[in-house]
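What Swiss-Prot says about this protein:
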type	residues	note
BINDING	23, 57, 58, 59, 81, 82, 83, 114	5-amino-6-(D-ribitylamino)uracil binding site
BINDING	86, 87, 128	(2S)-2-hydroxy-3-oxobutyl phosphate binding site
ACT_SITE	89	active site, proton donor
């Protein structure tokens, strides 16, 4: 009979770093509210959560690396919104942010969760920041909790 290993959705005693981009802050702040709600709702303590604000999404990966190096975080949650405009800038930023976040997680073994919206329109971003499509900040925090617990089980 196989043994199944999975993380529990319990943030009690876990420490989290949250990085949120100030660019498109009206979206980022809704994502942050969702993430904080999820962490506290699942047993997290406000005193175990550090929120770091960065200018834009491009600064998120290096900041995540700095947080992980600082230590004592069970997971880092990355939040922001990159919205397509009329130039290729979106493609460069979205690609590098997603690659950078994945790299930090793989290089450090600490869950660094991608909660950065990459949308074609502002309407799509609004839908994913607490309206029709739920709150992706909440979802990212749930992923962080479960993954942090899973990694503790795998030690």
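Placed from the backbone N, Cα and C atoms, the Cβ positions cover glycine too.
Predicted, not measured: the structure shown is a model, and the values here were computed from it.
Annotated features, which come from Swiss-Prot, shown on the structure.
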residue: 23; record: 5-amino-6-(D-ribitylamino)uracil binding site; DSSP class: coil
residue: 57; record: 5-amino-6-(D-ribitylamino)uracil binding site; DSSP class: helix
residue: 81; record: 5-amino-6-(D-ribitylamino)uracil binding site; DSSP class: strand
residue: 87; record: (2S)-2-hydroxy-3-oxobutyl phosphate binding site; DSSP class: coil
residue: 128; record: (2S)-2-hydroxy-3-oxobutyl phosphate binding site; DSSP class: helix
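Residue 83 (5-amino-6-(D-ribitylamino)uracil binding site) sits 10 Å from residue 89 (active site, proton donor), taking the CA atoms of both as reference points. Long-range Cβ proximity for residue 81 (5-amino-6-(D-ribitylamino)uracil binding site), meaning a same-chain Cβ under 8 A and a gap of 6 or more residues, is found for 21, 23, 24, 27, 28, 31, 57, 116, 117, 119, 125, 129. Note: the CA-CA distance between residue 86 ((2S)-2-hydroxy-3-oxobutyl phosphate binding site) and residue 114 (5-amino-6-(D-ribitylamino)uracil binding site) rounds to 24 Å. Taking every protein chain shown into account, 23, 114 are the binding-site residues, and of these the Cβ with the most other Cβ atoms within 10 Å belongs to 114. A strand conformation is recorded for residue 114 (5-amino-6-(D-ribitylamino)uracil binding site) in the three-state DSSP classification.
On its own chain, residue 58 (5-amino-6-(D-ribitylamino)uracil binding site) has 93, 96, 97 as residues at least 6 apart in sequence with a Cβ closer than 8 Å to its own Cβ. In this view, the densest Cβ surroundings among the binding-site residues 57, 82, 83 belong to 57, judged by other Cβ atoms lying within 10 Å. Per Cα geometry, 82 is the residue among the binding-site residues 59, 82, 114, 128 nearest to the residue listed as 'active site, proton donor'. Local packing around the recorded positions 89, 128 was summarised as the count of other Cβ atoms within 10 Å of each Cβ; on this measure the leading residue is 128.
For residue 128 ((2S)-2-hydroxy-3-oxobutyl phosphate binding site) paired with residue 82 (5-amino-6-(D-ribitylamino)uracil binding site), the C-alpha to C-alpha distance reads 12 Å.
Calculated from their C-alpha atoms, the gap between residue 87 ((2S)-2-hydroxy-3-oxobutyl phosphate binding site) and residue 59 (5-amino-6-(D-ribitylamino)uracil binding site) amounts to 20 Å. Neighbour count (other Cβ atoms within 10 Å of the Cβ, all protein chains): 8 for residue 87 ((2S)-2-hydroxy-3-oxobutyl phosphate binding site).
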